[in-house]
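Worksheet: one structure, shown below.
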Amino acid sequence: MCINVCYLGEVEYQEALFIQERIWALRVEKKIGDTLLLLEHPPVITIGRRGSKKNILVSDEFLKKMDVKVFEVSRGGDVTYHGPGQLVGYPIFDLALTDRDIKKFVYLLEEVFIRLLKDQFGKEAHRDENKYTGVWVGNDKIVAIGIAVKKWVTMHGFAFNVNTNLEHFSWIVPCGLKDRGVTSLERLIGSTIRFEDVVDKVQTYFGKVFGKSLNILGKEKLFDLLKI
C-alpha cells in the first residue's frame, strides 16, 4: 500500500475543492489509492460545520478590498485562515481499509507534525488532549486540523503555518478560540525556510507515521488520472 502525493503549488480554494471531490469520488469507487494533496491557497477564510461568521472580525468591505474570499465548508471546526506561506494538506484516505477510527486518523495527522518539528527543528510540539484538535507549541497553534468523512473516505485536512503572515489571523478568531494564539515555523526558528523543503519533509513524515511508501505524482500526472 502506498500514498499518492502531489504538490500543486498555489491553488484557488474552489479549484482545490473540485480536485478533492474528484479524488474522493474515485477513492470511494476504489479507482485510485489514498492520495495526499499539498498546496498553498491565496488569502481565504473558511468556516467549518461548527463555525460562525461572528468569528470573522473584519467587515465584508475590508475583505473585498483585500481580495479575501469566504467559504462555508463541510469540514469540522470553526473559522480558519489560509494564505501564502501556509502548507495546506488534503488527505483523501479510505478509513474502511483500516479500522474506521476517525480519532486515530486525526491522531496520526497530528503525529506527523509533532515528530517533524522535534526531529527536524528541535521544537517540542504537542496535542491538546482534553479539548482541541491540532498541533500546539505552548498556547499557540501551528497546525490546524479539520476533516470531513463521507462513506469512510476523508476530505479536507490540515494547515501548517510555515512562513505565514500571522497578522492575517487578526481578521478572525482562529478556530473560534479566544484564549489561544497562533504561531509559525518561521517565528519558532527565527528565519524564513524554503517552502519546498518543508513540503519534502511533510511528505517524508507522512510516509513514516502512516507506515506507507510514497508515490510522488506531478500535477499533470494527477490530472491525467482524474481526467481533468
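Every residue, even glycine, has its Cβ placed from backbone N, Cα and C.
Quick look at what Swiss-Prot lists:
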DOMAIN    30-214  domain 'BPL/LPL catalytic'
BINDING   Arg75, Gly76, Gly77, Asp78, Val79, Thr80, Tyr81, His82, Ala144, Ile145, Gly146, Gly157, Phe158, Ala159  substrate binding site
SITE      Lys141  site 'Lowers pKa of active site Cys'
ACT_SITE  Cys175  active site, acyl-thioester intermediate
About how far apart, in whole Å, are the alpha carbons (Cα) of Lys141 (site 'Lowers pKa of active site Cys') and Phe158 (substrate binding site)?
12
For Gly77 (substrate binding site), what is the secondary structure by DSSP, using just helix, strand and coil?
coil
Residue, out of the recorded positions Arg75, Lys141, whose Cβ gathers the largest set of other Cβ atoms within 10 Å:
Lys141
Sort Gly146 (substrate binding site) into helix, strand or coil using the DSSP assignment.
strand
Looking only at Cβ atoms, how many others are within 10 Å of the one on Tyr81 (substrate binding site)?
25
